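I have placed the structure first, in the form of structure tokens, so that the comments after it can refer back to it.
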Amino acid sequence: MTTLYQTESKQTLTDPATIKDFLKSHGIWFEQWETPAQLTQEASQADILAAYADVLDPFMAANGYQSADVVNIHSGIENYQAIREKFLAEHTHSEDEVRFFVAGQGLFWFNLDGTAVFNVCCEAGDLISVPQGTKHWFDAGPVPNVKAIRIFSDTAGWTPHYTGSQVEQQYRAITL
């Protein structure tokens, strides 16, 4: 179940419409799409993109996105902990970070000006667009299992720009 956790009030939201409204009020786009494809752990990037082409292609065309790829994070990945550490550091991007979760789950953390830090646990079917310049970090968890389609205007825009704030250190105990 998709959840949104507010660290200051310790309130957890579970209603998709309420989560969408909360995120929208902070400039973050959130939708839920169907995920009918039955994907194996070994499904290739081409297989995953083909399985969702009927919704992905029109979405990309309507929003000016040029390319997509698949991130497949699971416990069998070599050096997962080192990879996880890169995602766990607060950063921004020079373009929107758009992810469509097709399997598993992951935790997006947000540190927005004027708002207490909060996180969104995204799962299969969730589409989230983190606006460019938004301070955030991502956690696939200590035992990862997530397949997500990454959607780009320009793949160079995905390069993380680390803030160096280390605010994420305060929240390391909260994970999937």
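Note that Cβ sites are derived from N, Cα and C of the backbone, with glycine treated the same way.
The Fe(2+) site in Swiss-Prot is built from H91, H93, E97 plus one of H26, H136, namely H136. Cβ-based neighbour count (10 Å, all protein chains) for H91 (Fe(2+) binding site) stands at 21. Taking the Cα atom of each, H93 (Fe(2+) binding site) and R99 (site 'Important to generate the dianion') are about 13 angstrom apart. Comparing CA positions across the recorded sites E90, D96, R99, the one lying closest to H136 (Fe(2+) binding site) turns out to be E90. Separation of the C-alpha atoms of H91 (Fe(2+) binding site) and R99 (site 'Important to generate the dianion'): 16 Å, rounded to the nearest whole number. Same-chain residues with CB within 8 A of the center of the H91, H93, E97, H136 CB atoms, the Ni(2+) site residues themselves not counted, are T92, V130, T134, K135, W137, F138, P160.
Across the structure, D96 (site 'May play a role in transmitting local conformational changes') and E90 (site 'May play a role in metal incorporation in vivo') are spaced 15 Å apart at their Cα atoms.
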